[in-house]
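Features as listed in Swiss-Prot:
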- CYS35-CYS80: disulfide bond (DISULFID)
- CYS64-CYS94: disulfide bond (DISULFID)
- CYS99-CYS141: disulfide bond (DISULFID)
- CYS127-CYS157: disulfide bond (DISULFID)
- CYS162-CYS210: disulfide bond (DISULFID)
- CYS191-CYS223: disulfide bond (DISULFID)
- CYS228-CYS270: disulfide bond (DISULFID)
- CYS256-CYS283: disulfide bond (DISULFID)
- 97-159: domain 'Sushi 2' (DOMAIN)
- 160-225: domain 'Sushi 3' (DOMAIN)
- 226-285: domain 'Sushi 4' (DOMAIN)
- SER287: O-linked glycosylation site (CARBOHYD)
- THR288: O-linked glycosylation site (CARBOHYD)
- SER289: O-linked glycosylation site (CARBOHYD)
- THR292: O-linked glycosylation site (CARBOHYD)
- SER294: O-linked glycosylation site (CARBOHYD)
- THR296: O-linked glycosylation site (CARBOHYD)
- 33-315: topological domain 'Extracellular' (TOPO_DOM)
- 316-336: transmembrane segment (TRANSMEM)
Amino acid sequence: MAPPSRRECPSPSWRFPGLLLAALVLLRSSCSDACGPPPTFEAMELTSRPKPYYKVGERVEYDCKKGYHHFAPFLTHSICDRNHTWLPISDEPCVRKVCHYIPNPLHGEAILANGSYSFGNQLHFICNDGYYLIGKEILYCELKGSDAVWSGRPPICQKILCKPPPKINNGKHTFSDVDVFEYLDAVTYSCDPAPGPDPFSLIGESTIYCRDNSVWSGDAPECKVVKCRFPVIENGKQIAGFGKKFYYKATVIFECDEGFHIIGSDTIVCNSNSTWDPPVPKCVKVSTSPATVSPTSSVPGYPNPDEGMLNSLDEWAIALIVIAILVGVAIISFGLHRYLQRRKKKGKADGTAEYATYQSKSATLAEQRS
């Protein structure tokens with residue numbers, strides 16, 4: 001009787017690949033029946049930690065992010081559908097939180113930079129003419145915890161006021177009994193009568209006004225006696241600004257006598273330090289040196305009467321020089337030609353004489369030999 005056969009177990013090396021294949025099949029089937037990570041939004045976020053895969057029918061909940069709040073009863077959850085996609089939803093139910101309304105300041109205006117009071121936006125403030133801003137010019141809508149609040153208190157517009165303008169010696173200004181001046185209020189200065197024979201002159205701007213920064217538009221003027229010396233010019237005379245006394249801003253115009261020209265400005269003005277500005281000019285005699293030829297006419301647009309004559313004389317001189325050179329060249333050429341002709345004729349005559357002498361000598365020698 002044959003012994004019973006043994007049952008052999010499959011080799012582990014063969015079992016491991018089978019288990020791995022089965023696991024892959026199960027994993028693939030489970031992945032194919034799942035959804036990936038749920039969608040993300042600007043205004044909403046998941047209430048739970050996201051997972052890489054979700055089963056069909058699994059549900060996720062959303063809530064508004066910081067700085068947003070629920071505005072409408074829309075869906076705030078999504079479900080993994082049978083086609084392995086998420087049920088579409090929107091973050092429209094969550095809107096930005098807004099800062100409280102700030103009205104226009106009295107005598108001013110509040111301007112929204114982006115037309116909204118939601119956090120992240122700005123509110124600008126400006127004042128009307130005659131008022132200036134006290135406080136911050138720009139406020140920002142910011143998040144403080146979970147609330148939207150402004151970055152500071154709203155400013156106010158206050159009326160522009162100036163203190164009384166300064167008083168001056170030997171003079172006064174209008175509205176001297178007013179203690180406070182408003183925006184663009186103006187005062188005018190004037191000088192008092194002088195105790196002596198010469199009057200006071202007002203040096204500077206006579207009128208100043210209250211500006212937008214609560215200061216006056218300029219310094220106060222000065223009242224003092226300004227008197228310039230009588231202007232004297234040799235070899236010349238005044239033609240305008242005549243007078244016996246010359247006070248502040250007096251203007252004098254000069255001209256020189258015939259045969260003299262002016263050195264300096266022909267117009268001078270008496271300035272605030274009692275001197276002429278620029279200084280009184282001088283009249284200097286016109287030089288008659290032959291090296292300097294004065295033009296007959298200095299009026300622009302009119303020709304010099306001698307200019308045409310000089311130009312015509314220059315042209316005739318050049319023409320005569322050219323003609324003389326041409327005549328000289330012609331004479332030299334003709335003389336050289338005659339000289340060469342004479343040399344040629346003389347050479348021919350000398351040759352003939354020498355040939356005759358040579359023939360006579362030859363005949364004599366022949367006779368002697370015979």
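A Cβ is built for glycine as well, from the same backbone N, Cα and C atoms used for every other residue.
Owing to the predicted nature of the structure, the values given are computational and were not obtained by experimental measurement.
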Between CYS223 (disulfide bond) and CYS127 (disulfide bond), find the distance joining the two CA atoms and give it rounded to the nearest Å.
38
Specify the nearest of the disulfide-bonded residues CYS64, CYS141, CYS210 to SER287 (O-linked glycosylation site), where nearness means the distance between Cα atoms.
CYS210
Report the nearest neighbour of CYS270 (disulfide bond) in space among the disulfide-bonded residues CYS80, CYS94, CYS127, CYS191, comparing Cα positions.
CYS191
Of all the disulfide-bonded residues given, CYS94, CYS191, which residue's CB has the most CB neighbours within 10 A?
CYS94
Spatially speaking, which of the recorded positions CYS191, CYS228, CYS283, THR288 is closest to CYS210 (disulfide bond)? Use C-alpha to C-alpha, please.
CYS191
DSSP three-state assignment (helix, strand or coil) for CYS64 (disulfide bond):
strand
Out of CYS80, CYS283, THR288, the recorded positions in the record, which is closest to CYS162 (disulfide bond) when you go by Cα distance?
CYS283
These are the disulfide-bonded residues: CYS99, CYS141. Which one scores highest on other Cβ atoms within 10 Å?
CYS141
What mean pLDDT score does the domain 'Sushi 2' (97-159) have in the model?
94
Local Cβ density at CYS157 (disulfide bond) - other Cβ atoms counted within 10 Å:
21
How many Å lie between the Cα of CYS141 (disulfide bond) and the Cα of CYS80 (disulfide bond)?
39
